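Below is one structure, written out as structure tokens; the observations come after it.
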Amino acid sequence: MASSMRSLFSDHGKYVESFRRFLNHSTEHQCMQEFMDKKLPGIIGRIGDTKSEIKILSIGGGAGEIDLQILSKVQAQYPGVCINNEVVEPSAEQIAKYKELVAKTSNLENVKFAWHKETSSEYQSRMLEKKELQKWDFIHMIQMLYYVKDIPATLKFFHSLLGTNAKMLIIVVSGSSGWDKLWKKYGSRFPQDDLCQYITSDDLTQMLDNLGLKYECYDLLSTMDISDCFIDGNENGDLLWDFLTETCNFNATAPPDLRAELGKDLQEPEFSAKKEGKVLFNNTLSFIVIEA
């Protein structure tokens, strides 16, 4: 690996920008919306039974777009019931965006929000110092387990916080996605850091099996349009390359042979589909619902 290649996570601004481009060029949020519309109502059907308040814990809530979709489904299921929504999110920038979104969203009168600027492990340490652990009716971790050092311990801890009839929802990339193939073949040639792990739903379900937890897993197809990656000097393509490889300025710093090999592979059927002249990377998501 060329020494000039460095992890995308070493430049927060660049990471946020490449992530934004990813969202703009993928069906990631539309895929999540489809799950929230079609599957979530059945999943949360009993979480608030006989309760005067529903407690929801969002781990890595980001800018809140998906969190508010979840809240609207809970409100529809339990009209008028108070909801306590606590958010654990390490990025001050994302929390600020989340608060802006809440401020301009109507129908949140019965929802109390609290934000904690910390990582899931910092939250875990803080909670364990308390004598009594707070129980939750619904806990969700959306696309965040890649940034956790000890995933089985994290799963075990948050599962222990589930109350009666409670559920935990985890969203990660599927083992059938292009990410799985990309990481297995090229992961060792990308910059290594201890901030991010290559995990898919296959790894996660194995961990859940080892922990003896009961869960269901649903896969929904999502794609990312990476056509711009194959246009030399395209700024958008450059940022999507950075996101795909988790490398800062990949096109400028990667060895030419790696860039060429990866460019060829990304157009192969196991990574992407070609449709109407576009190259659509397989971004299939897994939605894992864990029982209390």
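Cβ atoms here come from the backbone N, Cα and C positions, even for glycine.
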Site-mate of Glu89, Gln94, Ser120, Ile142 for S-adenosyl-L-methionine in Swiss-Prot, selected among Gly60, Gly163, Gly175: Gly60
Diameter of the S-adenosyl-L-methionine binding set by C-alpha atoms, the set being Gly60, Glu89, Gln94, Ser120, Ile142, in angstrom: 15
Remaining residues near the recorded S-adenosyl-L-methionine site, that is with C-beta within 8 Å of the centroid of the site residues Gly60, Glu89, Gln94, Ser120, Ile142: Ser58, Ile59, Gly61, Gly62, Val87, Val88, Pro90, Ser91, Met141, Met144
Cα separation, Glu28 (substrate binding site) to Gly60 (S-adenosyl-L-methionine binding site) (Å, whole number): 16
